[in-house]
Amino acid sequence: MLFTKYKIPDTYKEYVTKHVKAFSLIFLMLGTSFFVKSREIILPEMAALSIGSFIYLKDDWRRKPLHLFYLPSITAIIGFGINMLDISMVMKLIISLILVLAVLKIAENFLAPAIATGLLPIITNCSSWEFLASIFFFTFILGFSIFINKKNNPVNSINKSSAGKSIHLFTYLFITIVWFIICDMYEHMEMAAIPPIIVIAFENMTKTSYTITTLVTQIVAMSIASMIGFYCYNFFNQHIIISGAASFTLITLVLYTLKVKLPPAYAMAILPMILDRQTPVYFTTRTLIMSLTLFTLIYISKRLIENYSTHQK
């Protein structure tokens with residue numbers, strides 16, 4: 001036989017399929033924003049949710065597909081409503097964080113990106129209903145897709161997270177609120193609640209294990225990702241689709257080099273598109289300071305909690 005039909009390995013097909021699904025949803029969002037010329041449609045945490053659910057197959061996120069739709073939607077409504085109140089930004093962030101964590105506790109699902117969607121409308125001072133419409137639409141597509149996809153990618157029903165422990169929730173809440181207040185005191189509220197950092201800090205607090213190596217790797221990865229996101233956005237003259245593609249490619253290479261799976265790093269590629277104009281160095285410095293502070297405090301707190309629990313036994 002002169003020609004032999006080449007068969008693509010199943011593992012390669014699965015790899016390509018997962019990436020196509022994840023990035024199709026992200027670029028559908030970016031494309032919609034580009035054509036309607038509204039940045040309110042851009043949701044950085046959709047990148048994290050899509051990458052984490054389709055590519056990394058995070059069981060904690062995929063376990064309840066319906067929650068991928070209604071939890072971010074509920075928290076977004078909370079943040080959007082609180083932003084309408086005539087109170088200081090720091091109070092808006094504190095109230096929103098408390099209510100969002102209460103919702104996650106009641107739902108018994110600690111979907112970390114839902115925290116970001118609750119704080120995002122406050123950070124960007126969102127006042128357009130397009131933001132909520134975008135949340136509803138894209139999270140519904142994600143949730144429905146994961147529901148269908150679960151048949152091919154079974155989910156581990158065992159939740160190894162320690163998020164259910166109240167002490168971890170209150171510790172995270174206390175650390176984050178103190179951080180908000182400090183940023184307000186020194187008039188640096190632009191550094192108070194960078195969504196991807198808030199998400200990672202929560203996941204770190206609820207992990208069963210958090211090492212110093214992981215801490216350092218996360219800080220390095222998020223700092224580099226923030227720089228990549230801003231430099232690409234400025235280099236390509238703020239063209240959201242081209243800069244997004246370039247940022248995702250570079251961030252993927254960075255994470256591969258560091259050997260870490262960090263979905264919120266992809267949210268960093270999109271974040272510059274919805275923030276007020278600023279220099280890449282300034283934003284990267286803010287990211288470095290916030291991640292270094294929160295991640296270190298989370299690490300120390302977890303060690304103290306573990307030591308206390310050990311002595312109590």
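Each residue, glycine too, has its Cβ placed from N, Cα and C.
Feature list (source: TrEMBL):
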type	residues	note
TRANSMEM	20-36	transmembrane segment
TRANSMEM	69-85	transmembrane segment
TRANSMEM	97-123	transmembrane segment
TRANSMEM	129-148	transmembrane segment
TRANSMEM	169-189	transmembrane segment
TRANSMEM	209-233	transmembrane segment
TRANSMEM	240-258	transmembrane segment
TRANSMEM	281-300	transmembrane segment
Q. Which one, 20-36, 97-123, 169-189, 240-258, has the most C-beta pairs under 8 Å toward the transmembrane segment (129-148)?
A. 20-36
(Q) Any contact between the transmembrane segment (169-189) and the transmembrane segment (97-123)? By contact I mean 3+ C-beta pairs closer than 8 Å, pairs at least 6 apart along the chain. (A) yes
Q | Segment proximity, the transmembrane segment (209-233) to the transmembrane segment (240-258), 3 or more C-beta pairs under 8 Å | A | yes
Q. Cβ under 8 Å to the transmembrane segment (20-36), counting only same-chain residues 6 or more beyond its ends: which ones?
A. 42-43, 46-47, 50-51, 53-55, 130, 134, 138, 141-142, 145, 149, 240-241, 244-245, 248, 266, 270, 273
